[in-house]
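What follows is a short report on a single structure.
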Amino acid sequence: MSSVVVVGAQWGDEGKGKIVDLLTKYSDYIVRFQGGNNAGHTLVVDGKKFVFHIIPSGILYEEKTCMIGNGVILDPGVLLEEMASLKERGLEVKPNRLMISDNAHLIMPYHSQLDQAKESALSASNKIGTTGRGIGPCYMDKVGRVGIKAGDLLDEDLFREKLRCAIEEKNFILTKKFGAPAVDFDSVYRQFMDFAEQLSPYFGNVSVTLDEARRADKNILFEGAQGTQLDIDHGTYPFVTSSNTVAGNACAGSGFGPSHIDAVVGIVKAYTTRVGSGPFPTELFDEKGEELQNKGSEFGATTGRRRRCGWFDGVVANDAVRLNGLTGWALTKLDVLSGQKSIKMASSYDLNGKKLHAMPNNIKDAEALKPVYEEVPGWADEVDGICNYDDLPTEAKDYVRRIEDFTGVPANIVSVGPDRAQTMMLSNPFETKKCCK
(Lines of atoms letter the chains of each structure in order from A and count residues from 1; the text may use other names and numbers.)
(Lines give C-alpha, C1' and ligand atoms only; values in the text may rest on other atoms or scores of the structure.)
Protein backbone atom coordinates (compact mmCIF):
# COMPACT_ATOMS: atom_id res chain seq x y z
CA MET A 1 0.00 0.00 0.00
CA SER A 2 1.21 3.50 -0.83
CA SER A 3 -0.28 6.95 -0.43
CA VAL A 4 0.95 9.64 -2.81
CA VAL A 5 0.18 13.36 -2.80
CA VAL A 6 0.31 15.38 -6.02
CA VAL A 7 0.62 19.17 -5.72
CA GLY A 8 1.27 22.10 -8.01
CA ALA A 9 4.71 23.59 -7.39
CA GLN A 10 4.23 27.00 -9.01
CA TRP A 11 1.14 29.24 -9.39
CA GLY A 12 -1.21 26.52 -10.63
CA ASP A 13 -1.92 25.33 -14.19
CA GLU A 14 1.14 23.05 -14.06
CA GLY A 15 -0.62 20.09 -15.67
CA LYS A 16 -1.79 18.29 -12.53
CA GLY A 17 -4.81 16.78 -14.29
CA LYS A 18 -2.69 14.87 -16.76
CA ILE A 19 -0.22 13.64 -14.13
CA VAL A 20 -3.04 12.58 -11.81
CA ASP A 21 -4.59 10.74 -14.75
CA LEU A 22 -1.31 8.90 -15.30
CA LEU A 23 -0.90 7.96 -11.63
CA THR A 24 -4.55 6.97 -11.32
CA LYS A 25 -3.60 3.81 -13.18
CA TYR A 26 -1.74 2.69 -10.04
CA SER A 27 -4.33 3.95 -7.55
CA ASP A 28 -7.44 2.48 -5.99
CA TYR A 29 -8.72 5.74 -4.48
CA ILE A 30 -8.33 9.29 -5.83
CA VAL A 31 -9.02 12.14 -3.40
CA ARG A 32 -9.59 15.88 -3.87
CA PHE A 33 -8.66 17.61 -0.60
CA GLN A 34 -8.93 21.39 -1.10
CA GLY A 35 -10.22 24.18 -3.31
CA GLY A 36 -13.43 24.30 -5.26
CA ASN A 37 -14.56 24.80 -8.83
CA ASN A 38 -12.13 27.71 -9.23
CA ALA A 39 -9.58 25.19 -10.48
CA GLY A 40 -9.74 23.32 -13.76
CA HIS A 41 -7.86 20.14 -14.62
CA THR A 42 -7.53 19.48 -18.34
CA LEU A 43 -6.49 16.15 -19.82
CA VAL A 44 -6.58 14.56 -23.23
CA VAL A 45 -7.36 10.84 -23.45
CA ASP A 46 -7.41 9.10 -26.83
CA GLY A 47 -7.74 12.47 -28.51
CA LYS A 48 -10.73 13.48 -26.36
CA LYS A 49 -10.44 16.55 -24.14
CA PHE A 50 -11.85 16.44 -20.60
CA VAL A 51 -11.98 19.38 -18.18
CA PHE A 52 -12.68 18.63 -14.50
CA HIS A 53 -13.46 21.32 -11.94
CA ILE A 54 -14.64 19.29 -8.94
CA ILE A 55 -14.77 15.57 -9.69
CA PRO A 56 -11.36 13.86 -9.51
CA SER A 57 -10.16 12.95 -12.99
CA GLY A 58 -9.83 9.33 -11.85
CA ILE A 59 -13.54 9.01 -12.57
CA LEU A 60 -12.55 8.10 -16.14
CA TYR A 61 -11.40 4.71 -14.83
CA GLU A 62 -14.38 2.47 -14.07
CA GLU A 63 -12.65 0.45 -11.35
CA LYS A 64 -11.47 3.48 -9.35
CA THR A 65 -13.18 5.18 -6.40
CA CYS A 66 -13.11 8.98 -6.27
CA MET A 67 -13.54 11.10 -3.17
CA ILE A 68 -14.19 14.76 -2.40
CA GLY A 69 -12.72 15.52 1.01
CA ASN A 70 -13.83 17.85 3.77
CA GLY A 71 -11.27 20.46 2.66
CA VAL A 72 -13.07 20.98 -0.64
CA ILE A 73 -15.81 23.59 -0.87
CA LEU A 74 -18.60 22.35 -3.07
CA ASP A 75 -20.98 24.11 -5.44
CA PRO A 76 -23.72 21.46 -5.83
CA GLY A 77 -25.04 22.99 -9.04
CA VAL A 78 -21.63 22.92 -10.71
CA LEU A 79 -21.05 19.35 -9.51
CA LEU A 80 -24.35 18.18 -10.99
CA GLU A 81 -23.56 19.95 -14.27
CA GLU A 82 -20.21 18.17 -14.40
CA MET A 83 -21.89 14.84 -13.70
CA ALA A 84 -24.47 15.50 -16.42
CA SER A 85 -21.74 16.41 -18.91
CA LEU A 86 -19.93 13.15 -18.21
CA LYS A 87 -23.18 11.21 -18.58
CA GLU A 88 -23.71 12.75 -22.03
CA ARG A 89 -20.32 11.33 -22.97
CA GLY A 90 -21.31 7.86 -21.78
CA LEU A 91 -19.95 7.98 -18.23
CA GLU A 92 -22.51 7.89 -15.43
CA VAL A 93 -21.11 8.89 -12.04
CA LYS A 94 -22.72 6.55 -9.50
CA PRO A 95 -22.50 6.65 -5.68
CA ASN A 96 -20.26 3.58 -5.64
CA ARG A 97 -17.73 5.57 -7.72
CA LEU A 98 -17.86 8.93 -5.94
CA MET A 99 -18.08 9.82 -2.25
CA ILE A 100 -18.53 13.38 -0.99
CA SER A 101 -17.51 14.18 2.57
CA ASP A 102 -20.56 15.23 4.57
CA ASN A 103 -18.16 17.66 6.26
CA ALA A 104 -17.45 19.54 3.01
CA HIS A 105 -18.77 23.10 3.06
CA LEU A 106 -21.21 24.30 0.40
CA ILE A 107 -20.83 27.32 -1.86
CA MET A 108 -24.14 29.16 -1.68
CA PRO A 109 -25.54 31.67 -4.23
CA TYR A 110 -24.77 34.57 -1.92
CA HIS A 111 -21.11 33.56 -1.81
CA SER A 112 -20.58 34.15 -5.52
CA GLN A 113 -22.60 37.39 -5.38
CA LEU A 114 -20.43 38.67 -2.52
CA ASP A 115 -17.27 37.56 -4.31
CA GLN A 116 -18.14 39.47 -7.47
CA ALA A 117 -19.43 42.54 -5.62
CA LYS A 118 -16.29 42.81 -3.50
CA GLU A 119 -13.92 42.41 -6.47
CA SER A 120 -15.85 45.00 -8.48
CA ALA A 121 -15.53 47.48 -5.61
CA LEU A 122 -11.73 47.20 -5.49
CA SER A 123 -9.47 49.56 -7.39
CA ALA A 124 -7.61 48.12 -10.37
CA SER A 125 -4.31 47.91 -8.47
CA ASN A 126 -5.91 46.03 -5.57
CA LYS A 127 -7.89 43.43 -7.51
CA ILE A 128 -6.93 39.87 -6.59
CA GLY A 129 -8.08 38.34 -9.87
CA THR A 130 -10.67 36.09 -8.23
CA THR A 131 -12.71 33.78 -10.44
CA GLY A 132 -15.85 35.18 -8.80
CA ARG A 133 -17.16 31.72 -7.95
CA GLY A 134 -17.65 32.36 -4.24
CA ILE A 135 -14.57 30.50 -3.04
CA GLY A 136 -13.25 33.17 -0.67
CA PRO A 137 -16.60 34.06 0.95
CA CYS A 138 -17.37 30.36 1.47
CA TYR A 139 -14.06 29.78 3.25
CA MET A 140 -14.72 32.92 5.31
CA ASP A 141 -18.01 31.43 6.50
CA LYS A 142 -16.27 28.13 7.24
CA VAL A 143 -13.62 29.78 9.40
CA GLY A 144 -16.27 32.06 10.93
CA ARG A 145 -18.23 28.92 11.94
CA VAL A 146 -21.37 29.99 10.11
CA GLY A 147 -20.93 27.83 7.01
CA ILE A 148 -23.36 25.23 5.69
CA LYS A 149 -22.00 21.71 5.24
CA ALA A 150 -23.09 19.01 2.83
CA GLY A 151 -24.40 16.92 5.72
CA ASP A 152 -26.67 19.78 6.80
CA LEU A 153 -28.80 19.11 3.72
CA LEU A 154 -29.84 15.80 5.28
CA ASP A 155 -31.55 17.62 8.16
CA GLU A 156 -34.20 19.86 6.64
CA ASP A 157 -34.95 21.79 9.82
CA LEU A 158 -31.28 22.43 10.56
CA PHE A 159 -30.62 23.53 6.99
CA ARG A 160 -33.61 25.88 6.97
CA GLU A 161 -32.47 27.62 10.16
CA LYS A 162 -28.84 27.94 9.08
CA LEU A 163 -29.90 29.27 5.67
CA ARG A 164 -32.29 31.79 7.23
CA CYS A 165 -29.57 33.22 9.47
CA ALA A 166 -27.04 33.31 6.65
CA ILE A 167 -29.30 35.05 4.13
CA GLU A 168 -30.37 37.64 6.67
CA GLU A 169 -26.74 38.58 7.26
CA LYS A 170 -25.60 38.38 3.62
CA ASN A 171 -28.52 40.43 2.32
CA PHE A 172 -27.62 43.22 4.71
CA ILE A 173 -24.07 43.29 3.31
CA LEU A 174 -25.14 42.92 -0.32
CA THR A 175 -27.75 45.65 -0.24
CA LYS A 176 -26.29 48.13 2.25
CA LYS A 177 -22.58 47.91 1.46
CA PHE A 178 -22.52 47.01 -2.23
CA GLY A 179 -25.94 48.13 -3.45
CA ALA A 180 -26.48 44.67 -4.94
CA PRO A 181 -29.78 42.74 -5.19
CA ALA A 182 -30.90 40.69 -2.19
CA VAL A 183 -30.95 36.89 -2.23
CA ASP A 184 -34.40 35.26 -2.11
CA PHE A 185 -34.66 32.72 0.72
CA ASP A 186 -37.45 30.61 -0.78
CA SER A 187 -35.78 30.08 -4.15
CA VAL A 188 -32.44 29.13 -2.57
CA TYR A 189 -34.15 26.80 -0.10
CA ARG A 190 -36.07 24.97 -2.84
CA GLN A 191 -32.99 24.76 -5.03
CA PHE A 192 -30.84 23.19 -2.32
CA MET A 193 -33.54 20.76 -1.22
CA ASP A 194 -33.52 19.58 -4.83
CA PHE A 195 -29.74 19.28 -4.69
CA ALA A 196 -30.08 17.26 -1.47
CA GLU A 197 -32.40 14.77 -3.15
CA GLN A 198 -29.94 14.23 -5.99
CA LEU A 199 -26.68 14.22 -4.03
CA SER A 200 -27.48 12.67 -0.64
CA PRO A 201 -26.62 9.12 -1.85
CA TYR A 202 -23.07 10.37 -2.45
CA PHE A 203 -22.51 11.79 1.05
CA GLY A 204 -20.36 9.81 3.48
CA ASN A 205 -17.44 9.78 5.91
CA VAL A 206 -14.37 10.11 3.69
CA SER A 207 -11.93 9.90 6.61
CA VAL A 208 -13.24 6.55 7.81
CA THR A 209 -13.40 5.15 4.28
CA LEU A 210 -9.80 6.15 3.53
CA ASP A 211 -8.58 4.58 6.75
CA GLU A 212 -10.37 1.36 5.86
CA ALA A 213 -8.74 1.50 2.41
CA ARG A 214 -5.30 2.00 3.97
CA ARG A 215 -5.79 -0.96 6.28
CA ALA A 216 -6.83 -3.03 3.26
CA ASP A 217 -3.51 -2.16 1.54
CA LYS A 218 -5.08 0.01 -1.15
CA ASN A 219 -3.14 2.67 -3.06
CA ILE A 220 -4.42 6.19 -2.45
CA LEU A 221 -3.72 9.26 -4.59
CA PHE A 222 -4.36 12.75 -3.23
CA GLU A 223 -5.03 15.31 -5.94
CA GLY A 224 -4.21 18.93 -5.15
CA ALA A 225 -5.57 22.02 -6.88
CA GLN A 226 -3.94 25.37 -7.70
CA GLY A 227 -0.25 25.65 -6.75
CA THR A 228 2.14 26.15 -3.84
CA GLN A 229 2.62 29.88 -4.46
CA LEU A 230 -1.17 30.33 -4.21
CA ASP A 231 -1.32 28.86 -0.69
CA ILE A 232 -3.23 31.12 1.70
CA ASP A 233 -0.39 30.97 4.27
CA HIS A 234 2.74 30.36 2.20
CA GLY A 235 1.94 32.01 -1.14
CA THR A 236 2.29 35.55 -2.46
CA TYR A 237 -0.41 36.91 -0.14
CA PRO A 238 -2.87 38.54 -0.80
CA PHE A 239 -2.63 37.32 -4.41
CA VAL A 240 -3.47 33.76 -3.40
CA THR A 241 -6.39 31.37 -3.17
CA SER A 242 -8.39 30.88 0.04
CA SER A 243 -7.13 27.43 1.02
CA ASN A 244 -3.89 25.66 1.85
CA THR A 245 -2.57 24.20 -1.38
CA VAL A 246 0.53 22.56 0.11
CA ALA A 247 0.86 18.82 0.63
CA GLY A 248 0.20 19.01 4.36
CA ASN A 249 -3.41 19.87 3.65
CA ALA A 250 -3.93 16.51 1.97
CA CYS A 251 -4.24 15.12 5.49
CA ALA A 252 -6.31 17.91 7.05
CA GLY A 253 -8.54 18.15 3.98
CA SER A 254 -9.43 14.47 3.94
CA GLY A 255 -9.00 13.22 7.50
CA PHE A 256 -5.97 11.06 6.70
CA GLY A 257 -3.06 10.62 9.13
CA PRO A 258 0.18 12.35 8.02
CA SER A 259 2.39 9.40 8.96
CA HIS A 260 0.64 7.37 6.26
CA ILE A 261 1.86 9.56 3.36
CA ASP A 262 4.66 7.85 1.42
CA ALA A 263 5.55 10.26 -1.40
CA VAL A 264 4.85 13.80 -2.57
CA VAL A 265 5.12 14.66 -6.26
CA GLY A 266 5.47 18.29 -7.30
CA ILE A 267 4.09 19.18 -10.71
CA VAL A 268 6.18 21.86 -12.38
CA LYS A 269 6.23 23.31 -15.88
CA ALA A 270 9.53 23.55 -17.74
CA TYR A 271 8.86 27.30 -17.66
CA THR A 272 6.56 29.36 -15.42
CA THR A 273 3.04 30.78 -15.77
CA ARG A 274 0.64 32.74 -13.62
CA VAL A 275 -2.99 33.83 -14.04
CA GLY A 276 -4.24 37.09 -12.60
CA SER A 277 -2.45 39.64 -10.46
CA GLY A 278 0.53 39.22 -8.17
CA PRO A 279 4.34 39.00 -8.15
CA PHE A 280 5.99 37.04 -10.95
CA PRO A 281 9.79 37.60 -10.91
CA THR A 282 10.64 35.77 -14.16
CA GLU A 283 7.73 37.12 -16.23
CA LEU A 284 8.59 37.89 -19.85
CA PHE A 285 7.06 40.94 -21.50
CA ASP A 286 8.67 40.48 -24.93
CA GLU A 287 8.07 38.24 -27.92
CA LYS A 288 9.66 35.33 -26.03
CA GLY A 289 6.84 35.42 -23.47
CA GLU A 290 4.25 35.62 -26.23
CA GLU A 291 5.91 32.69 -27.96
CA LEU A 292 5.64 30.54 -24.83
CA GLN A 293 2.03 31.65 -24.39
CA ASN A 294 1.01 30.66 -27.90
CA LYS A 295 3.01 27.45 -28.21
CA GLY A 296 1.96 26.33 -24.74
CA SER A 297 -1.72 27.25 -25.30
CA GLU A 298 -1.61 29.18 -22.05
CA PHE A 299 -5.25 29.97 -21.46
CA GLY A 300 -7.06 29.04 -18.24
CA ALA A 301 -9.30 25.94 -18.21
CA THR A 302 -11.74 27.59 -15.79
CA THR A 303 -11.77 31.24 -16.87
CA GLY A 304 -10.18 31.22 -20.33
CA ARG A 305 -7.89 34.00 -19.12
CA ARG A 306 -4.54 34.44 -20.83
CA ARG A 307 -1.70 33.25 -18.62
CA ARG A 308 1.38 35.33 -17.97
CA CYS A 309 4.54 33.46 -19.00
CA GLY A 310 8.19 33.50 -17.94
CA TRP A 311 11.33 31.44 -17.53
CA PHE A 312 11.67 28.61 -15.02
CA ASP A 313 12.03 29.93 -11.49
CA GLY A 314 14.38 27.76 -9.45
CA VAL A 315 13.70 29.77 -6.31
CA VAL A 316 9.97 29.05 -6.54
CA ALA A 317 10.80 25.39 -7.20
CA ASN A 318 12.99 25.21 -4.09
CA ASP A 319 10.27 26.90 -2.05
CA ALA A 320 7.94 24.11 -3.19
CA VAL A 321 10.48 21.46 -2.18
CA ARG A 322 10.73 22.95 1.31
CA LEU A 323 7.02 23.59 1.87
CA ASN A 324 5.78 20.26 0.52
CA GLY A 325 8.62 17.87 1.34
CA LEU A 326 8.74 16.85 -2.31
CA THR A 327 10.13 13.42 -3.12
CA GLY A 328 9.89 13.74 -6.90
CA TRP A 329 9.11 16.06 -9.81
CA ALA A 330 6.66 15.66 -12.65
CA LEU A 331 8.08 18.05 -15.25
CA THR A 332 5.49 19.11 -17.84
CA LYS A 333 5.50 20.99 -21.15
CA LEU A 334 9.15 20.29 -21.93
CA ASP A 335 8.07 20.27 -25.58
CA VAL A 336 7.14 23.96 -25.46
CA LEU A 337 10.82 24.88 -25.05
CA SER A 338 11.83 23.12 -28.27
CA GLY A 339 13.35 25.57 -30.74
CA GLN A 340 14.90 27.81 -28.08
CA LYS A 341 18.60 28.49 -28.70
CA SER A 342 19.14 29.02 -25.00
CA ILE A 343 16.98 28.67 -21.89
CA LYS A 344 17.14 30.71 -18.72
CA MET A 345 16.50 29.61 -15.15
CA ALA A 346 16.33 31.91 -12.14
CA SER A 347 18.78 30.65 -9.51
CA SER A 348 18.26 33.54 -7.06
CA TYR A 349 16.70 36.99 -6.74
CA ASP A 350 18.18 40.44 -6.38
CA LEU A 351 16.35 42.81 -4.03
CA ASN A 352 18.01 46.21 -4.01
CA GLY A 353 21.45 44.63 -4.14
CA LYS A 354 20.66 41.85 -1.66
CA LYS A 355 20.73 38.24 -2.88
CA LEU A 356 17.70 36.14 -1.91
CA HIS A 357 17.15 32.39 -2.22
CA ALA A 358 13.47 32.33 -1.19
CA MET A 359 10.35 34.30 -2.04
CA PRO A 360 10.05 37.12 0.53
CA ASN A 361 6.86 37.33 2.59
CA ASN A 362 6.59 41.11 2.17
CA ILE A 363 4.46 41.69 -0.93
CA LYS A 364 6.23 44.92 -1.88
CA ASP A 365 9.58 43.15 -1.74
CA ALA A 366 8.18 40.28 -3.82
CA GLU A 367 7.02 42.72 -6.48
CA ALA A 368 10.43 44.43 -6.58
CA LEU A 369 12.47 41.25 -7.17
CA LYS A 370 14.83 40.94 -10.11
CA PRO A 371 15.69 37.39 -11.19
CA VAL A 372 19.32 36.31 -11.32
CA TYR A 373 19.54 33.93 -14.26
CA GLU A 374 21.77 31.12 -15.31
CA GLU A 375 21.60 30.06 -18.94
CA VAL A 376 21.72 26.61 -20.50
CA PRO A 377 21.76 25.53 -24.16
CA GLY A 378 18.41 24.84 -25.80
CA TRP A 379 17.55 22.29 -28.48
CA ALA A 380 16.21 22.64 -32.01
CA ASP A 381 14.23 19.45 -32.60
CA GLU A 382 10.62 19.00 -31.52
CA VAL A 383 10.25 16.39 -28.79
CA ASP A 384 6.47 15.90 -28.64
CA GLY A 385 6.70 12.58 -30.49
CA ILE A 386 9.37 11.04 -28.27
CA CYS A 387 8.28 8.22 -25.95
CA ASN A 388 11.64 7.12 -24.53
CA TYR A 389 13.52 9.48 -22.22
CA ASP A 390 16.90 8.36 -23.58
CA ASP A 391 15.83 9.51 -27.05
CA LEU A 392 15.42 13.14 -25.96
CA PRO A 393 18.05 15.60 -27.24
CA THR A 394 21.09 15.76 -24.99
CA GLU A 395 20.35 19.41 -24.19
CA ALA A 396 16.80 18.55 -23.07
CA LYS A 397 18.08 15.86 -20.72
CA ASP A 398 20.75 18.24 -19.43
CA TYR A 399 18.02 20.80 -18.67
CA VAL A 400 16.02 18.23 -16.70
CA ARG A 401 19.18 17.19 -14.87
CA ARG A 402 19.97 20.81 -14.01
CA ILE A 403 16.54 21.19 -12.38
CA GLU A 404 17.10 17.95 -10.45
CA ASP A 405 20.55 19.07 -9.27
CA PHE A 406 19.43 22.58 -8.36
CA THR A 407 16.48 21.38 -6.28
CA GLY A 408 17.90 18.11 -4.98
CA VAL A 409 14.76 16.30 -6.14
CA PRO A 410 14.65 13.66 -8.92
CA ALA A 411 12.26 13.74 -11.84
CA ASN A 412 9.72 10.91 -11.60
CA ILE A 413 7.84 11.94 -14.73
CA VAL A 414 8.57 14.02 -17.85
CA SER A 415 5.77 15.17 -20.14
CA VAL A 416 6.20 16.34 -23.75
CA GLY A 417 2.60 16.99 -24.77
CA PRO A 418 -1.02 17.08 -23.60
CA ASP A 419 -1.96 13.50 -24.46
CA ARG A 420 -1.69 10.66 -21.98
CA ALA A 421 0.72 8.88 -24.32
CA GLN A 422 3.12 11.84 -24.40
CA THR A 423 4.47 11.05 -20.94
CA MET A 424 7.62 9.30 -19.75
CA MET A 425 7.67 7.75 -16.28
CA LEU A 426 11.24 7.51 -15.04
CA SER A 427 10.25 6.11 -11.64
CA ASN A 428 6.86 5.29 -10.16
CA PRO A 429 6.19 7.28 -6.95
CA PHE A 430 3.96 4.45 -5.76
CA GLU A 431 7.00 2.18 -5.84
CA THR A 432 10.02 4.43 -5.26
CA LYS A 433 10.27 6.82 -2.33
CA LYS A 434 13.23 9.16 -2.39
CA CYS A 435 13.95 11.88 0.15
CA CYS A 436 14.39 15.49 -0.84
CA LYS A 437 17.42 17.49 0.28
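Backbone N, Cα and C define each Cβ position, glycine as well.
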Say Swiss-Prot lists Asp13, Glu14, Gly15, Lys16, Asn38, Ala39, Gly40, His41, Thr131, Arg145, Thr241, Arg305 as binding IMP: which of Gln113, Gln116, Gln226 is in the same site, per that record?
Gln226
State the Cα to Cα distance, in Å, between Leu334 (GTP binding site) and Gln226 (IMP binding site), rounded to an integer.
20
According to DSSP, which of helix, strand or coil covers His41 (active site, proton donor)?
strand
Which residues, sitting 6 or more apart from Val416 (GTP binding site) on the same chain, put a CB under 8 Å from its CB?
Leu334, Asp335, Val383, Asp384, Ile386, Leu392, Gln422, Thr423, Met424
Which of Asn38, Thr42, Thr131, Gln226, the listed binding-site residues, has fewest other Cβ atoms within 10 Å:
Thr42
Please compare the binding-site residues Gly12, Gly304 by how many other CB atoms fall within 10 Å of each one's CB, and tell me which has the fewest.
Gly304
So among the recorded positions His41, Arg306, who's got the most Cβ atoms within 10 Å?
His41
